[in-house]
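**Student:** Before I ask anything, let me first share the structure, which is written out below as structure tokens.
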Amino acid sequence: MESQLWNWILPLLISSLLISFVAFYGFFVKPKRNGLRHDRKTVSTVTSDVGSVNITGDTVADVIVVGAGVAGSALAYTLGKDKRRVHVIERDLSEPDRIVGELLQPGGYLKLLELGIEDCVEEIDAQRVYGYALFKNGKRIRLAYPLEKFHEDVSGRSFHNGRFIQRMREKAASLPNVQLEQGTVLSLLEENGTIKGVRYKNKAGEEQTAFAALTIVCDGCFSNLRRSLCNPQVEVPSCFVGLVLENCNLPYANHGHVVLADPSPILMYPISSTEVRCLVDVPGQKVPSIANGEMKNYLKTVVAPQMPHEVYDSFIAAVDKGNIKSMPNRSMPASPYPTPGALLMGDAFNMRHPLTGGGMTVALADIVVLRNLLRPLRDLSDGASLCKYLESFYTLRKPVAATINTLANALYQVFCSSENEARNEMREACFDYLGLGGMCTSGPVSLLSGLNPRPLTLVCHFFAVAVYGVIRLLIPFPSPKRIWLGAKLISGASGIIFPIIKAEGVRQMFFPATVPAYYYKAPTVGETKCS
């Protein structure tokens, strides 16, 4: 009976919801793109005091890259391989020690292949990842990545973030036209509205300037330069508490594990042949103190009882060992100020909740888009013309970026427990929907993995989950209370996803062909406008 209702009611309800959504947002939400340039009030750049800067000589680079993390290193190698002179300035060239940026989705691995840097996941004891396992109240389901149509080498990868970054830095520095320097960038140099380079302190503490036709800021989630180039609206919905479980046998080998715990999810995935990363999400911006032992007590009394029994002992041992780290989870929609001579990339530009491990996939996909836009250009010195042309970047990146961003931020809200009964019904419906198999499983997983970055498909599945939850409530008897709860479930689902979509940009996300910048062509030398 439930199956028959599903087959008849679901398509009708989804269609009506989507029509309402497209009609309302397509006609009544004004695109945020207009006026971005005019909203630019406070600029933290400094005006160059060196007079007129000639950036056509041999003493300057074509591109300055600020930051040599995942985005900066990959970008430096990519542009260097295209014969650009690249100057990379990184605050600290020692191996990073982070608790995020350790899971690369299959879609991100495809971008590594496209950029020619797939060898950077070799020789670092990286582990292949073939899907996810979800756990909730004693139930468990396995979600496999839909990899059948891809080469056998294509899968997710998990690793120590620092090892991966060091491999990419070495790859970039191996090119003779890429200069990798340790230094702290203090500010951008601006002359007549165009960014001409940066002011920085080198490793010896000496203040210097560097000039280039294009400066790309990739200085990460703590960026101190982004305010010059975008309108940062950073939210911190939660914090991750990270541990390393040693010699731990996960219930499903070579899979990411998500425990739908109370109050919020727990993640686990292998980062080497002997280590498993465990990330405990703590809602809000304040976490129990690690120093006075509150955190250990929280992990043992609240978190440990909800862990799968296979990892319980390893989890307790990791807590007792005491190597516990925490970091805030940031989310920030891309809201750029198109600026001649400069561009933002990576976490400095756009962030989403790290629940789905999509950050590196977005960054690498952005680099592919930017590389393809810059390849036809021999000369980058016309800042105004280049800036106009690169406005297309913000639209062309949307299919991948908006899909992964929206899914990550929406899924986090769905996966957290709540005192709201309708929200908890949505959580239950999502877990059971993913376990139905067929398109109900492969569709969402292909979105999460970055293999099928289609925003409309994401919206369809999101509301399919909501409608599935309503159908469950109405069977076997649709009492007034259950009908009201179903209405609140649909309303709650809309309240989750619509604000995220609005922040991403409805027009660019669903109707990119209506954005003029979508059609911009590469300018020729001397042009001031893009056709």
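Cβ from N, Cα, C; glycine included.
Keep in mind that this is a model prediction, so the values were computed, not measured.
Here's the feature list from Swiss-Prot:
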{"type": "BINDING", "residues": "V70, A71, E90, R91, R98, R169, V185, D347, M360", "note": "FAD binding site"}
{"type": "SITE", "residues": "Y132", "note": "site 'Important for enzyme activity'"}
{"type": "TRANSMEM", "residues": "9-29", "note": "transmembrane segment"}
{"type": "TRANSMEM", "residues": "458-478", "note": "transmembrane segment"}
{"type": "TRANSMEM", "residues": "483-503", "note": "transmembrane segment"}
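Relative to the rest of the structure, where do these features sit?
**Tutor:** Cβ neighbours of E90 (FAD binding site) (same chain, under 8 Å, six or more residues apart in sequence): G67, A68, G72, R169, L180, E181, Q182, G183. According to its DSSP assignment, E90 (FAD binding site) is in a strand.
According to DSSP, Y132 (site 'Important for enzyme activity') is assigned to a strand segment. The Cβ neighbour count for Y132 (site 'Important for enzyme activity'), using a 10 Å radius and every protein chain shown, is 24.
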**Student:** Name the secondary structure element type, per DSSP in three states, that contains V185 (FAD binding site).
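**Tutor:** Going by the DSSP assignment, V185 (FAD binding site) falls within a strand, counted as strand.
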**Student:** Might you list, by sequence position, any residue in that chain lying six or more from V185 (FAD binding site) with a Cβ less than 8 Å away from its Cβ?
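**Tutor:** For V185 (FAD binding site), the qualifying residues are V66, I89, R91, V198, R199, Y200, D219, L225.
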**Student:** Name, in the order they occur in the sequence, the residues of the same chain whose CB lies under 8 A from the CB of V70 (FAD binding site) and which sit 6 or more residues away.
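**Tutor:** Listed in sequence order: G101, F164, I165, M168, G346, M360, A363, L364.
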**Student:** Max CA to CA distance in Å over the FAD-binding set V70, A71, E90, R91, R98, R169, V185, D347, M360?
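**Tutor:** This binding site's residues have a maximal Cα-Cα distance of 23 Å.
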**Student:** Taking the Cβ of M360 (FAD binding site) as centre, how many other Cβ atoms lie within 10 Å?
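**Tutor:** Taking every protein chain into account, the count is 29.
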